[in-house]
């Protein structure tokens, strides 16, 4: 294999932190002119004939002027470089913009760039990719383009070749309900804005009903494509994607649309990804990973309901979609819109800093919220009931005219049981998990391991009788069905997915986030179990509850009552007045006093006591830190929490990343006849449930 003199700088696909840097390989003469930055290659690694996957980040000739990145990391190496083993494909799948984003986000979170790229570039599907490349060759031969790496290719729906899409003439969206020019400027002038969604439903020309927020999001995207740029729309889950796509199908059916959805089969997902690489303005719609999609001339990133926990990536380095959108907006100089019925405390911080501008609806239109705690009840016991008498009356009257929504905290029948005698929570004798009932006739069973609890005995008082503590959707539906004989009862939760609903009378029992969208809106909405939702131990619990309840209230028909049961105080006032911004500002002020996120950033350091102490010692040179702990977690591990200002983020991330690399790279020689566990040091930044 003859060395051409060119050098390929590659990133190896590996979760190992010690491999999270670029490696230099020689480019064989036979690959010159074939290999390019962004392509997949295989490279030899260390000894034993091992070959690993990698991405080419750049090519350079060391005999000529070096690139800036090459000069920054230059080393005095004078030996012979190992050559690339093979070129996997000529498809350029890693764009410079996505690589830059991955590197910045990984550095910010002390993680690996390859872990971010794994989210951005789906696993290769050979047949799909070959068809895509073949279509590009056909287009080149037709004379539409001569450069195969920049030729437009077919859309997601077909593999047949197609010429580049011309500029699409689109009507300028009116953004009805917002001050003139405020949302237009976010697109034309690439502003960063926090937008309050209008809490109402709209009916499309084909009869489908969607949230007004979906229409606003779609109009922003269409206006962006009309200006010759691409738009990325991020929503929490497939239900939200369906609503936005329904509007786009009506508003701009000719605009290229790529849907990035984890529910897609792998070939469809990869086909959509390849379509995003085309040099054509398009709309990219998806969940949290959509923010990493390649986009031609990116003009807008819009995130709906940025406080939703589904935006937190569950895998290392755990980057939140909002943070990724903020970094990508800086890199691309595009517009950024954070849209929601409520406002996250993180967004409120950026508003108060002046980093985000506020855009509110032109008119103060919001649902009719009725906190039952503020109503005078002649019977105190009736007001404290799970469903107060005012809510019963509202539901009874509304059922004559259309559907009624009842939002509850938990799915299932009776998810939590307790001892009848001592009132202690009933626990499984095998794994100590909580006991629950799957139906009225079922035996109690463990929600963790599934073991039946026949003949259960309380470990605290030796009692043998159980009582229901919490009611799920199933038990609530059963009770309401008896209270409203003849009424149609519908359950919507994680096990029963229902996305849309007609205008006919029905009782809809739903968990938060699973509420179907009804034609014309709900005639009444009952929000139950508020006290139980607020009992969750989390810094964000009040913020989350306000978001859940506001999203449910936005499904109400005009003038329909929304009854909030069992909740008072500032949270009820914020929902009643529809001023989530004031509530977010109050929450942020409290967190500033306590030095809680997002007033500061946090990082958790978990590992053995020695490893954690060594990592914390590396932070000694960083000023302005608070270190809480270490405290014991699961033996033999301990955890420390580091609090720091945003200005110190780079220093903290660099120091902790160095500690992780050192811990992973050190050779541990096991003693004879003993097992030595792998390195355990784990670092996580900005964990929303840490405090």
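Backbone N, Cα and C define each Cβ position, glycine as well.
Mean pLDDT for the domain 'Primosomal protein N' 3' DNA-binding' (10-122) in the predicted structure: 86. Per TrEMBL, the feature domain 'Primosomal protein N' 3' DNA-binding' maps to 10-122.
Under the three-state DSSP scheme, residue 419 (Zn(2+) 1 binding site) falls in the strand class. Look at TrEMBL and you will find 419, 422, 458, 461 tagged as Zn(2+) 1 binding site.
Taken residue by residue with DSSP, residue 428 (Zn(2+) 2 binding site) is part of neither helix nor strand, so it is coil. The Cβ neighbour count for residue 428 (Zn(2+) 2 binding site), using a 10 Å radius and every protein chain shown, is 20. Per TrEMBL, the feature Zn(2+) 2 binding site maps to 428, 431, 446, 449.
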Candidate nearest residue 431 (Zn(2+) 2 binding site) in space, where candidates are the binding-site residues 419, 422, 458 and distance is Cα-Cα: 458
Additional residues surrounding Zn(2+) 1, by Cβ distance to the 419, 422, 458, 461 centre under 8 Å: 420, 421, 423, 424, 459, 460, 462, 463
Listed binding-site residues (422, 446, 461), ranked by Cβ neighbours within 10 Å, top entry: 446
Whole-number Å value for how far residue 422 (Zn(2+) 1 binding site) lies from residue 428 (Zn(2+) 2 binding site) (Cα to Cα): 16
The domain 'Primosomal protein N' 3' DNA-binding' (10-122) - residue tally per DSSP class, helix then strand then coil: 32 helix, 28 strand, 53 coil
Residue 449 (Zn(2+) 2 binding site) to residue 461 (Zn(2+) 1 binding site) - Cα separation in whole Å: 24
